[in-house]
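Q: Quick one: this structure, given as structure tokens, is what I'll be asking you about.
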Amino acid sequence: MGDYELLSKIKSPADVKRLDEKDLAKLCSEIREKLIETVSLNGGHLSPNLGVVELTVALHRTFNLPKDSIVWDVGHQSYTHKLLTGRFDDFYTLRQKGGISGFPKRSESKYDDFNTGHSSTSISAAYGIARAKMLSGDQSHTVAVIGDGSFTGGLAFEAMNNAGRFKKNFIVILNDNKMSISKNVGAFPRYLTTVRIQPWYIRVKKNTEKVLSKIPLFGRPISAFLRRSKSKIKNLVYKNTLFDCFGFTYIGPIDGHDIPELENALSAAKKINSPVLLHVVTKKGKGYLPAEENPGTFHGIGKFDIDSGEPISSHKGFSAEFGNTLCELAEKDKKICAITAAMAKGTGLEKFSIYHKERFFDVGIAEEHAVTFACGLASKGMRPVFAVYSTFLQRSYDQIIHDAAMSGLHIVLAIDRAGIVGDDGETHQGVFDVSMLNSIPNVTIFSPTYFDGLKCALNSAIYVCNNVAAVRYPRGGELYKPDDFGEESITYDIYGNKDCGKLIITYGRLFSYACKAKEMLAEKGIEVCILKLCKIKPIDPSAFDFATEFNTVWFFEEGIKTGSVARNFGDALLARQFNGCYHIKTIGDKFVKQMSVSEALHMLKLDAEGMADVVLEDLDRIGNR
């Protein structure tokens, strides 16, 4: 653990500005040491943050925060920003319950201008902020920092298209940590870039155009001719970038690890009377060899050993099980295709991408496109499987309705990270997918508890269903399974005494907690039966009939209440004139903040102890012990 001689004294960006240039390398080294130390203990996004240390320092030295605004796309690369804005002392709480968020939070600091967590939103948000400033007479600058991966998202281009006409204090920084966007020809483009960022060039250019425009009769034509000539000369040397076509002045590429060069470019960008795209090239994982060699692994990682770079825990999870199962099916069925939105590793599709390369499609950060692309494949007889995190599936809601379900096309949605995901907080919890899909006709949803159930559900989704079929599963691996519980059924399972009069209904991983709750209640002399659903839409009608045989029924669900399976089940019981007591326990109508999965489930009374408490409290209230 370092002493952080410089970093520990940084309480605001003003302190960063006061540092001598000769001290900046030491500051950056201390920042990297703090990032590695903290993420090794708490988990988090390491390689993206290691790659933007110098860029973040340069931003805080060049701009006047919080008067100037910085919007971080996704926000997973904002750790250095947090360290430089008064959060060093609390940084050890990163991604912990009640601690520093792993993403920008307006409620956390005046230096966090916009809440982010999902990709490709920064330019839209920053443009809105810039427009609001202009309307109120605020002349401060607004900056969006976006990675090359996020630039594959359509929302980024929609924002660029809209913002290109804006002429005031708006800068987009493209953090390119993979490859150059476009290839310039020869050395002259680099010279042009050098010239274009020199303050004297910008000043002379503006003054010359101003003077020429004032010359009677001939001034404006001469000025226009020079602008056209300059454009033609530039076009002879290198192609216009896409950003120029959008109306942005392009500067770059700039070395993202050279602070003086970055400060020079940023200062120049501030003086240009048009929106600016500053192209910065960085190295993901810089300063920590394991992260440099495996930037994907360290993009988002759990706790790890600093010396070796090895994860402390590497239990087999549902993502890997899904990937292996899909590979096995694809060996026998050449119609199976796998689609990911830039998440091949996270969704377990790396193996598929190697062994079935021609049927693997990474569409970039474009969930909307992914669903409609899958529909196109399905329309010609292919069997597309789109693997996506629950939180990102939200972006494709219209496509699922319009292009898939309404068209009667058979696509499979493999929904990873379903339910509470923990430390990444409310932007990443997978608690909306069930309610979202429940509202759409022609959709089947499976939510298995164990690996054998996942295999069965995936097989049914591909070969039995003929509509939109979703298979959802949580982050991590299998939980508790009673010794006397057999293999999962594709519809539902009954566990316990059918004649006890008390029934708990649930699905997914909550079944494991329900089994533990059953044991806790048994110790208090209370016997309950459990109805474990696997197919949660449509539910087998016999499951409703079975539930009506009980006097008291509880439904525990790891999702929001509106549109929940619990509510649908209650409607079905009501239609069957059920006259017992029916209790629903869900997440409710709220966002779940960052904390571990176990902490969240305990807070929500959805773990074993919580379920047992709910049952006991309800029985006491209705006098039915």
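Placement of Cβ uses the backbone N, Cα and C atoms for every residue, glycine included.
So TrEMBL lists these for the protein:
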type    : residues                                            : note
BINDING : H76, G117, H118, S119, G149, S150, N177, Y288, E367 : thiamine diphosphate binding site
BINDING : D148, N177                                          : Mg(2+) binding site
DOMAIN  : 316-481                                             : domain 'Transketolase-like pyrimidine-binding'
Q: For the binding-site residues H76, H118, D148, N177, which one has the sparsest Cβ surroundings, going by other Cβ atoms within 10 Å?
A: D148
Q: Determine, to the nearest whole angstrom, how far the Cα atom of N177 (thiamine diphosphate binding site) is from the Cα atom of D148 (Mg(2+) binding site).
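A: Cα of N177 (thiamine diphosphate binding site) to Cα of D148 (Mg(2+) binding site) measures 7 Å after rounding.
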Q: I'd like the number of other C-beta atoms within 10 A of the C-beta of E367 (thiamine diphosphate binding site), please.
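A: There are 26 of them.
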Q: Through the lens of DSSP with three states only, how would you label E367 (thiamine diphosphate binding site)?
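A: The residue in question, E367 (thiamine diphosphate binding site), is helix (DSSP, three-state).
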Q: Using all protein chains in view, find how many other C-beta atoms are within 10 Å of the C-beta of G149 (thiamine diphosphate binding site).
A: 20
Q: Looking only at H76, G117, H118, S119, G149, S150, N177, Y288, E367, which the record lists for thiamine diphosphate, tell me the maximum pairwise CA distance in angstrom.
A: 32
Q: Give the mean pLDDT for the domain 'Transketolase-like pyrimidine-binding' (316-481) on the 0 to 100 scale.
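A: It averages 96.
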